[in-house]
Structures are given as structure tokens and as C-alpha cells.
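Chemist: Quick paste of what TrEMBL says about this protein:
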- Gln139, Cys140, Gln141, Pro264, Tyr265, Gly266, Gly267, Met268, Glu269, Arg566, Met567, Lys568: peptide binding site (BINDING)
- His293, His297, Glu316: Zn(2+) binding site (BINDING)
- Glu294: active site, proton acceptor (ACT_SITE)
- Tyr382: active site, proton donor (ACT_SITE)
- 464-610: domain 'Peptidase M1 leukotriene A4 hydrolase/aminopeptidase C-terminal' (DOMAIN)
Amino acid sequence: MGRLGVVDPSSYSQPDLITTEHSALNWKVDFGATKIQGSVLHRFKVLTANLDKILLDVRDINVTNATLLAGGSELPINFFISDAVDDIGQKLTLELPSGTAKGSLTVRIDYETSSSASGLQWLNPAQTLGKEHPYMFSQCQAIHARSVIPCQDTPAVKFTYDATVEHPSELTALMSALIDKKEPGKTLFKQEVPIPAYLVAIAIGKLVSRPLGENSSVWAEEAIVDACAEEFSETATMLKTASELCGPYVWKQYDLLVMPPSFPYGGMENPCLTFVTPTLLAGDKSLADVVAHEIAHSWTGNLVTNKNFEHFWLNEGFTVFVESKIVGRMQGAKELDFKMLSNLTDLQECIRTQLNKTPELTKLVVDLSSCGPDDAFSSVPYIKGSTFLRYLEDLFGGPTVFEPFLRDYLKKYAYKSIETKDFQSALYDYFIDTDKKDKLSVVDWDLWLKTEGMPPVIPKFDESLANVTKELATLWSSKSVADLAGNAEIKKTISIHQLIDFLGKLIECKDIVDLTESKINLLESTYNLKSSKNAEIRFRLNRLIIRAGLIKRLDEVLEFANSNFRMKFCRPIYRDLAGWPEAKPAAIRNFLSVKDQMMAVCSHTVEKDLGLK
């Protein structure tokens, strides 16, 4: 594939020559054709004299016209689209008149999306909770905005936007922006804070809302909205805690939209409107930490953004770090450390399975010259990144020293897109004239950024909560069912988070003695696993069922895989099934039967996990 651009290996656009300042979207959403039709008006800032063309990213988009708007007149311009690069898209070239000067330039592009646009999901009424109305939503991260808008689809470029969206009048339209005006069948939006293309988001469905706080509501289908309001009732507290840590919240509104089960991520930090998976609805708020993560993105990712996805850890490592601090402030320091230790269990599993054939993707800063961001996506930038930040915090003197630096860093690079070297220089500039300056030379940047595998240093965490789960995993993996049945240790009270971590550690045990139907039954009865609504618990139980080779429970495993298409769950399940010869044919048949209900990013990666691609 090679690097498509100088600034961003995954984008043809040339932000060093021209950059988008504002985009005006004029959309008609056609549920019958499963397409968006309309136009985008881009106001560009030309950074170089005599620019002869504008290069934009597209993917399966049908462009009908391109027009240069200048001095009240409209000038048609030539355009052409290159051949597609797999999993990346195409290059749209707009030819400019000779002698184009530096400064402002406005272009309108008329187009329609493909009915199979990788960034859009169309659900028929039967696929929704209410069963009466269709539903549509977008997921543009990492590089799927180009399937929805011809644009500079790179986080190196940030722009404001407004949108006029025509939609069925009985449905509600929401975007990653503030609602400016509503009339039947038409909604106008405004986003006045510059954002990268991947944060443009839309959802349209039969949606209702409930308040969560002064500037916060939750949206969902009627049947679950009250349960959602209860589950996410701590949102306003999380938002206040995050503001104390990171500085003023600039986005005005913070709403949640609880998505249909086909949404591929735990959450997506779309400004003003976080999308979250319904798999967070555990009934006891135990999985609401994902909301703390998405709130943290309001600063780390949305305000200060990675310049390209090779530096994705600047978005996700920082966000996990801030998320754990929010949890720590609300639940205590022991819970903070337990959360970070639990994350390391997940990272170990990811490196052992998902990335075992691509160890180069276990580096903190990766090379995306020969693969797309979707293929590189893993828990490495999240967990290795946040572990690095915790290491730095401990090195420089703990939270009282490091949190003021964090606020300074976020203020310094607010509204900008940066690379790892910018973070390095911020750390250096902040501490060079302090009594901590000698610590700067201790940091081995190459070791942290360029070494494969687990973090090179594991910080000193409070292990009291984690030791309980470690001992339980050792006990269950090393003892027979007969020995366990009479052992009082397995009856000790543990929290939901400890149960999740224990099951994760058990999966990671190389050998599990006597892993049979009887042991799984004992596990289920001891911890009431069968009645659990918690998706994290059910996910881990299903993986243990696969590992035990209980073929008669395969339908149950597939039922869980079909209950949601969140990649965190369905990818490891399909990977495990692919390694179980007896079950693999059924897993493939099942995947092919539900593939069209998945978002492109999910079906594309699961196909690879099953060896079909």
C-alpha cells in the first residue's frame, strides 16, 4: 500500500498544503435506498501559492458535481476518482484554476453515499427494539468518514461544521453537534468547536430522552430509556470530576445515545453525543466506567488529537489514564490501581492472541505504511499507553506533581493535532526548570515507544484487590472439581469487578486442571453466572465453555455472539472458535448468516479472525 500522504499514511489529503476550516452538510437521508444524498460545502484555507488541485478521501462515494464558489459566481471544476485501495478507499482529485492564491477557497461537492457505505449502518424495523421504525447510525473512526463525506479524512485536520438534515418526520435526528433548529422532517445542527472528520456522527431513529444532569441527557429507544437513565445516573458526577482534572468542558452539552446491539465499540466519543453500546446495561452500574472513558475523551482525543493513527496512544492511553483517575476519585485509590492491573490482564491476552502474528503492532507508536488503522486496532495504545503515563506520574512525584502537568499539556495543545514528539517536548518544557529535571534523563523513550510486547516497566500498584483474583485463578486452575467443591476459599465474597478480573485471569492460565462440564457447572453455581446480565461476565464464561470444548453448549456461545456485535466480545469469541476444529464450521456458517447485520469494521476484522480473508 505504501504511505498515501506525508502527514498521514492513511489519507490522500495534503494538510501541509491546504486545510479544511468549515464544512456545511446538506443531507437528505433516504431509508428506502439506504443512502445519504446531498452536498458538502467545504471552506478551505490554501497554505501554498499556485495550488493546482485539491486531494480528498472518498470511499464508494458517487460524486456528481464539483463547483468552485468565488465572488458570487459558480465555476464547475473537473474531478476524477482513483482506483480503490483495499480497506482504505480512493482519492478524489479536484482540479483548480491556474494561479490559485493562498487564502480562503470554497468548493461544493454534490454526491451520494453507497448503500453499503462502511461508515453507516442501516437497520430495518425488525432489527430495532420497537420493531416499527428503521434506524440509521454512523461510525467514522478511524477512517470511515470518507464513506460518508468527501473530505480530508485525517485527524491532522480539524474543522467546524453545520448540517441541515432531512429525515422521516416521525424520527429524531441527532449529530455530534448542538441542535440549532428543529422542524418536522428537518433538523439543523451546529458544531462550533473544530473537530477531525472521524468525529462527525449522525443517528436517526425513534428516539426519546431522559435528563441526566444540567447539560446532559440520555437518548435511546422508548423500551430501554428509563433503564439507561438509571444505569448512567452518575454521568454528571463523572463530568464534574473530569473537569476538575482536565480543565473547562468546552462542548456545552454532554449527551449519551444508547445504540442498537450492532454498534461495534463500547463507546464512541462523538462530541456532544457519546454513542455507547447497550452491553453496558448490567443493571447495577458496574460497567458505567465506559462513560467515564468517553467523557475523558472530551479533552484527550477531541480537544488534543493524535495527528494520525500511528500516534493513537495519545488519544487512548491518555483517556484510559484520565478514566482511571475519575474512577479513583469516585471509588478510591485501591479501585484505581485494581482497574489498571485488570487492564494489564486484558493486554496480555490481546498480545497472546490477536497480535501473535503481528508483534510489530504491539509497539506504542506503530507504522501504518502497510496496513490500515482498523487492522492495527487493539488494546495496546489504550493499556500500554496508560501504563506509560502512570510510570511517568510515579517517576515525577505522583498525582500532586503530574496532574498540574496534565492540565498544562491539555491547555498547551487544545484544538491542535499532535504527534508523540509534541508530548515529549511538553513534558520536557514543563519539568526542565524544576527540581524534577533530573528525572527527564531517566525516561527511556525508545524502550517505551518502540519495543514490542508488554510494557517494559510495570509501575508499583496497590495489589490488594488483584491478589484476591490472582489467588482464585490459581486455585480454580490447579485443583480438581472434587477438591474445589469442599474448599471454603471459593465462597469468599468478591465484587463484580473482581469476578470479571478473576474469570479473565482464569482464561489466561496456561493449564487448567479438570476443565470439564463439571468444573464449568461448579463455576456457574458458585458465582451465579447463569443469571448474570453482565456482558463482561457472560463473555468470559463463554470463552471458558469454548476452552472446555463443550460442543453441546455451542448454540449458547453463538447466541451470545449474535446478541451484540461489539468487537471486544465477538472478535475473541470467533478467534477462539476458529481454533476449535469441531466448532469452526458452525462458527463460519453463523458468521455468514449475520455478517450483513454487522458494521463493516466488525465484519472485516472477524473475517480475518476466521481466516476467510
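Each Cβ is built from the backbone N, Cα and C atoms, and glycine gets one as well.
Automated prediction, rather than curation, is the source of TrEMBL annotations.
Remember, it's a predicted structure, so these values are computed and weren't measured experimentally.
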Chemist: Would you list the DSSP helix, strand and coil counts for the residues of the domain 'Peptidase M1 leukotriene A4 hydrolase/aminopeptidase C-terminal' (464-610)?
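Modeler: Its residues divide into 109 helix, 0 strand, 38 coil.
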Chemist: Residues other than His293, His297, Glu316 within 8 Å, Cβ to Cβ centroid, of the Zn(2+) site?
Modeler: Gly267, Glu269, Glu294, Ala296, Thr300, Gly301, Asn315, Phe318, Thr319, Val320, Val322, Glu323, Tyr382
Chemist: Are there any residues at least 6 positions away along the chain from Gly267 (peptide binding site) with a Cβ closer than 8 Å to its Cβ? List them or say none.
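Modeler: Those within reach of Gly267 (peptide binding site), by Cβ under 8 Å and sequence separation of 6 or more, are Thr274, Phe275, Val276, Thr277, Leu280, Val290, Val291, His293, Glu294.
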Chemist: Do me a favour and check the Cα-Cα span between His297 (Zn(2+) binding site) and Met567 (peptide binding site); whole Å is fine.
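Modeler: Cα-Cα distance, His297 (Zn(2+) binding site) to Met567 (peptide binding site): 20 Å.
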Chemist: Using Cβ atoms only, which residues of the same chain lie under 8 Å from Gln141 (peptide binding site) while being at least 6 residues apart in sequence?
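Modeler: In sequence order, the residues whose Cβ lies under 8 Å from that of Gln141 (peptide binding site) (at least 6 apart) are Tyr198, Leu199, Met268.
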Chemist: Between C-alpha atoms, which of these recorded positions comes nearest to Glu316 (Zn(2+) binding site): Gln139, Tyr265, Tyr382?
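Modeler: Closest by Cα distance to Glu316 (Zn(2+) binding site) among the recorded positions Gln139, Tyr265, Tyr382: Tyr382.
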Chemist: Please list, in sequence order, the residues in the chain of Glu269 (peptide binding site) that are at least six apart in sequence and whose C-beta is under 8 Å away from its C-beta.
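Modeler: Counting only residues 6 or more apart in sequence, the Cβ neighbours of Glu269 (peptide binding site) under 8 Å are Leu199, Glu294, His297, Ser298, Gly301, Asn302, Thr319.
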Chemist: In angstrom units, rounded to an integer, how far apart are the Cα atoms of the residue listed as 'active site, proton donor' and Tyr265 (peptide binding site)?
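Modeler: Their Cα atoms are separated by 14 Å.
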